[in-house]
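Listed in Swiss-Prot for this protein:
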TOPO_DOM  25-79  topological domain 'Extracellular'
TOPO_DOM  101-115  topological domain 'Cytoplasmic'
TOPO_DOM  137-169  topological domain 'Extracellular'
TOPO_DOM  191-235  topological domain 'Cytoplasmic'
TRANSMEM  4-24  transmembrane segment
TRANSMEM  80-100  transmembrane segment
TRANSMEM  116-136  transmembrane segment
TRANSMEM  170-190  transmembrane segment
Amino acid sequence: MRDLLQYIACFFAFFSAGFLIVATWTDCWMVNADDSLEVSTKCRGLWWECVTNAFDGIRTCDEYDSILAEHPLKLVVTRALMITADILAGFGFLTLLLGLDCVKFLPDEPYIKVRICFVAGATLLIAGTPGIIGSVWYAVDVYVERSTLVLHNIFLGIQYKFGWSCWLGMAGSLGCFLAGAVLTCCLYLFKDVGPERNYPYSLRKAYSAAGVSMAKSYSAPRTETAKMYAVDTRV
């Protein structure tokens with residue numbers, strides 16, 4: 001059961017870290033809505049904006065100004081949150097790899113490997129927090145901006161909605177939460193053994209064999225009184 005839970009958590013951690021990294025460095029956080037009067041598809045990301053012509057499929061991208069330039073608060077905060085989530089998710093996944101039983105790292109220390117899995121789970125839980133905050137906040141801001149324009153009957157010729165990069169960030173964050181929950185909440189399921197499992201199997205087997213041989217070789221000495229009593233009982 002322990003191995004199965006570890007592999008499930010590793011599966012979610014791998015794809016979650018990948019989703020977060022792809023979401024951070026792709027350009028479709030905002031995409032023009034279907035009701036926009038545009039002949040091209042516009043996508044806005046955290047680092048650049050791309051336009052794809054609907055007729056010939058030509059795609060052109062323009063990078064934003066320098067990082068030190070003034071940017072909207074939504075863009076700056078989302079960048080910081082997603083980069084933090086990427087680093088933590090990657091670190092959590094690599095840490096989890098060291099804690100897997102199939103990895104030849106500290107093979108004689110199962111208790112330490114369980115602790116490594118616990119640290120990886122806690123890191124993944126922490127990684128999901130900035131990821132989900134950044135993704136949801138960006139999506140809500142896009143929705144509120146669009147709803148405000150519609151409410152005040154303001155039409156700028158193009159309306160935006162959040163795109164697949166935003167969805168990918170949410171999925172990666174939820175995956176981090178799930179992997180972290182499996183590793184932390186199920187930690188006691190990993191401890192399905194007693195204290196003797198802190199020693200390698202070969203040593204436990206050697207100790208057991210030595211104990212059996214010592215028990216067989218040892219016989220309590222018989223006193224003279226016991227011998228006399230045995231003779232009397234036979235008579």
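Including glycine, each Cβ sits where the backbone N, Cα and C put it.
If you look at the transmembrane segment (4-24), the same-chain residues 6 or more away from its ends with a CB under 8 A from one of its CBs are 46, 79, 82-83, 85-86, 89-90, 92-93, 96-97, 99-101, 117, 120-121, 124, 127-128, 131, 135, 165-166, 168-169, 171-176, 178-180, 182-183, 186, 189-190.
Averaged over the topological domain 'Extracellular' (137-169), the predicted model reaches a pLDDT of 78.
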